[in-house]
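Listed features, source TrEMBL:
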type	residues	note
ZN_FING	7-32	zinc finger
BINDING	Cys7, Cys10, Cys29, Cys32	Zn(2+) 1 binding site
DOMAIN	71-111	domain 'TFIIS-type'
BINDING	Cys75, Cys78, Cys103, Cys106	Zn(2+) 2 binding site
Amino acid sequence: MASLHFCSECNNLLYPKADPQRRVMVYACRICRYDEVGENQCVYRNDLLTVTKEKVGVTTDLGTDPTLAHGDIPCPRCGNEDSVLFQDQSKRKETRMILFFVCTKCDYSFLDPSVSTETRPEDMDDQM
């Protein structure tokens, strides 16, 4: 694990630097000429988080929310023609817009049927 190193002469922070003559990484002070060979070769660690997929959020009482837009997509479960829609809120590099629909009659959550099945989220069916 990367940690901070301090100069034993002036107590300033030591920065990682390549020493081409000795062909090693050293921690060097930018104020005085002190340097020490780095025992730990890790200077930066980037932990990647798992990629989240599109999931329907909490859908309690979404049908009565006056701030949501209404669509005329029929509900696959009950056939009701009125549904509210909202956009996927996950933050990723992928920029496609995914709309979730919630039936105002039975509160069933579904995607637009015009979206092709290979571009649909894999775990959407598990959430419904």
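Cβ atoms are placed via backbone N, Cα and C, with glycine included.
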Looking only at C-alpha atoms, tell me how far Cys103 (Zn(2+) 2 binding site) is from Cys32 (Zn(2+) 1 binding site), rounded to the nearest Å. 69
Pop the Cα-Cα gap between Cys78 (Zn(2+) 2 binding site) and Cys10 (Zn(2+) 1 binding site) into the table, whole Å please. 74
Taking helix as H, G and I and strand as E and B in DSSP, count the residues of the domain 'TFIIS-type' (71-111) in helix, strand and coil. 0 helix, 14 strand, 27 coil
Residues near the Zn(2+) 1 site, Cys7, Cys10, Cys29, Cys32 excluded, by Cβ within 8 Å of the Cβ center? Ser8, Glu9, Asn11, Asn12, Leu14, Arg30, Ile31, Arg33, Tyr34
Rounding to whole Å, the Cα atoms of Cys7 (Zn(2+) 1 binding site) and Cys106 (Zn(2+) 2 binding site) are apart by 67
Residue among the binding-site residues Cys29, Cys32, Cys78, Cys106 whose Cβ has the most other Cβ atoms within 10 Å: Cys29
Residues lining the Zn(2+) 2 site besides Cys75, Cys78, Cys103, Cys106 (CB within 8 A of their CB center) are Pro76, Arg77, Gly79, Asn80, Ser83, Thr104, Lys105, Asp107, Tyr108
